[in-house]
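Engineer: Below, the features straight out of Swiss-Prot:
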- Ser260: active site, schiff-base intermediate with substrate (ACT_SITE)
- Ser260: pyruvic acid (Ser) (MOD_RES)
Amino acid sequence: MESQEFLYVNRETGAVEKEPVCCSFAIKFFLETRLGRGVYSFLCKNSLFSRIVGRFQRLRMTRRFIRPFVEKYRICEDEALRPLCDFTSFNDFFIRKLKPEARPICGGSEICVTPADGAYLVFPSIKDVSLFSVKNQLFSLNSLLEDQQLASEYAEGSMAIARLAPFDYHRFHFPVEGIAGTPRLINGYLFSVHPLMLKRNLKVFAENKREITVIESKEFGKVVYIEIGALNVGSIHQTFAPGSYVGKGAEKGFFAFGGSTVVLLFEPQRIIFDADLVHHSAQGLETRCRMGQSLGKRFSS
């Protein structure tokens, strides 16, 4: 059994830290035992389980879980737009909105910002993604997008992956300004995006339920924005108006209870990712960022 410690770089301090492991007993059961692997496969391929968990988390009785969760994962309750006592269920807290000042948006039209709170990996060249795919799990852009023409446009492009842990703020935002198209739903399974699970199978990005939106941006070209559901997170909720102009940092939607992932694709020579993110990613280390921080700058020849 590989170590259940998962390290990341805290962007604000530069320190390497250990990520809290949610549901460590269940993860160990799913990874180490034959029965666990069978149960895990069944649960991920049967959306009924995620629907049941989702409904349970919307019950009023789950309010009792909010305070212990906040204390265990040291969540700053002062950032929330509403006090903890106002939330009607655990899921109501999970999809909470934050005060605008809690996540300032990095200014400048030449700056692309991080779309969500989470742990980031960036790949200046999508071709390099295979170098990170351990245990012979190969990455396929065509499988991710299920659109051969679109995949060909980004084969030489760049990619950013933001993995949201259960304790993260779970609303996601636009990284650039522009015209946002209509999301395209691709139904799929609901495999976990827990870091230890991703080490075993990076292909979950192309197997899980996901929604794809194309943003037409003057500064960054055509940006592909992908939300990927996970175990307990079958619900991806969009809150923006398709076909409308969206501002950088504007809310796009939210994930219901659980962990989840956002993937951004950029056309070739459109973005230069920030040096710290590139450096850490090359070492196989995620960088934990907050929504609205700089992700990279517009490419200029």
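Numbers here mean position along the shown chain, with the first residue as 1.
Every residue, even glycine, has its Cβ placed from backbone N, Cα and C.
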Engineer: Mind giving me a neighbour count for the residue listed as 'active site, schiff-base intermediate with substrate'? Other Cβ atoms within 10 Å of its Cβ, every protein chain shown.
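Structural biologist: Cβ-Cβ neighbours of the residue listed as 'active site, schiff-base intermediate with substrate' within 10 Å number 30.
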Engineer: What three-state secondary structure does DSSP assign to Ser260 (active site, schiff-base intermediate with substrate)?
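Structural biologist: DSSP assigns Ser260 (active site, schiff-base intermediate with substrate) to strand.
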